Amino acid sequence: MATGKIIQVIGAVVDVEFPQDAVPKVYNALEVENGANKLVLEVQQQLGGGVVRCIAMGTSDGLRRGLKVTDLDHPIEVPVGKATLGRIMNVLGEPIDMKGDIGEEERWAIHRPAPSYEDLANSQDLLETGIKVMDLICPFAKGGKVGLFGGAGVGKTVNMMELIRNIAIEHSGYSVFAGVGERTREGNDFYHEMNDSNVLDKVSLVYGQMNEPPGNRLRVALTGLTMAEKFRDEGRDVLLFVDNIYRYTLAGTEVSALLGRMPSAVGYQPTLAEEMGVLQERITSTKTGSITSVQAVYVPADDLTDPSPATTFAHLDATVVLSRNIASLGIYPAVDPLDSTSRQLDPLVVGQEHYDVARGVQSILQRYQELKDIIAILGMDELSEEDKLVVSRARKIQRFLSQPFFVAEVFTGSPGKFVSLKDTIRGFKGIMDGDYDHLPEQAFYMVGTIEEAVEKAKKL
């Protein structure tokens with residue numbers, strides 16, 4: 001193993017000089033002995049003259065010129081397999097839950113090629129989430145990729161936690177959760193939520209939170225993905241949750257600037273599309289097993305045309321768009337049924353009835369959207385009888401799209417509901433057909449099935 005020495009430290013970027021005949025490869029891991037602390041660096045560029053430019057995977061506090069650096073001669077490797085289940089690890093796969101060693105049998109490098117074209121498999125099976133608006137409007141495919149788009153504070157993490165709770169309990173497979181640049185408090189809440197739901201022994205948790213250096217946040221998504229790939233290659237159907245994919249892009253922007261690359265649009269790194277592609281192309285299903293991924297995507301300033309969310313859109317099968325306008329009406333989950341889409345919403349995949357009900361719901365809501373201006377200026381009385389009926393049904397549909405969540409029980413005080421797809425379709429079909437025109441609209445707010453709405457109406 002070749003050794004070199006640090007010649008420059010600028011924040012998270014460290015330049016290391018090696019002998020000319022032993023220069024480490026790009027993406028190799030280097031180890032710095034800094035007193036009791038061991039710091040891992042990852043080679044990003046070879047500058048010539050035996051000098052390599054690296055990104056630190058931990059804090060560079062206390063580093064100084066002249067410190068000895070060892071080339072480990074392989075990329076960062078992390079534990080994979082069943083030993084990782086129920087544990088919290090950092091970007092290097094080291095345990096951070098005070099429960100001793102992982103005790104893994106195998107370690108894999110975090111940089112791996114994506115599966116080859118002939119190994120890929122696609123699936124038409126639907127994944128039932130138990131959340132009405134998602135199952136109806138933007139159904140998820142098993143082995144597909146789903147993005148949860150939303151600005152600050154509209155409920156991405158709560159939706160993500162509800163999905164994990166519902167799918168992990170209903171679906172008996174393994175899950176991997178990568179917390180990329182999110183709040184440590186949320187990571188803590190999430191751990192206890194999994195523990196209380198008795199699904200912790202089926203989830204591997206990898207955290208690189210907001211307080212970590214950019215190198216750490218940039219690589220932690222790959223660490224989680226590598227663990228998911230191992231489960232997939234064993235022939236399992238695995239779930240990969242990433243919260244938040246935007247922070248992965250942001251960490252890439254920070255690293256890119258530190259490495260001296262010229263920024264592109266809005267200050268993002270010039271390699272934005274490539275970095276996103278490298279990650280997303282590995283999140284895929286093969287003939288041996290599948291990875292179904294759910295990714296939260298922060299939308300800066302609620303602008304979906306920002307380069308980061310816009311680049312992410314291209315890779316997804318289903319997009320769930322969370323809207324601030326809907327959240328302000330108190331309707332949670334604040335999913336925008338007119339903006340959310342799924343490739344699976346096709347009569348050949350979901351069946352004709354599901355397709356017709358979903359499109360019918362969207363057309364009623366769209367018509368209501370158009371009538372809002374008239375109502376604001378002239379009032380409801382100026383509408384035709386037909387339009388009054390559309391508005392009344394649209395408002396019921398809008399409220400029926402809300403649902404109490406299990407993970408939000410402590411805030412709402414009402415028990416969570418898991419609604420089967422069959423009940424969801426039946427409920428919305430009934431509202432559209434006018435079976436519930438006699439019920440007041442508040443009966444449809446925060447209930448599970450349509451029967452609950454009927455019961456609630458009796459109490460009003």
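Backbone N, Cα and C define each Cβ position, glycine as well.
Of all the Cβ atoms in the protein chains shown, 11 others lie within 10 Å of the Cβ of Ala152 (ATP binding site). Annotation comment: Swiss-Prot describes Gly150, Gly151, Ala152, Gly153, Val154, Gly155, Lys156, Thr157 as ATP binding site, evidence class sequence analysis.
Taking the centre of the Cβ atoms of Gly150, Gly151, Ala152, Gly153, Val154, Gly155, Lys156, Thr157 as the ATP site, the nearby residues of that chain (Cβ within 8 Å, site residues left out) are Tyr298, Leu322, Ala327. Within the same chain, residues at least six positions away from Thr157 (ATP binding site) with a Cβ under 8 Å of its Cβ are Glu182, Glu186, Asp243, Ala296. Contacts of Gly150 (ATP binding site) defined by a Cβ separation under 8 A and a same-chain sequence distance of 6+ are given as Lys156, Ala296, Val297, Tyr298, Val299, Val321, Leu322, Ser323, Ala334, in order along the sequence. Within the group of binding-site residues (Gly151, Gly153, Gly155), the Cβ with the highest number of other Cβ atoms inside 10 Å belongs to Gly155.
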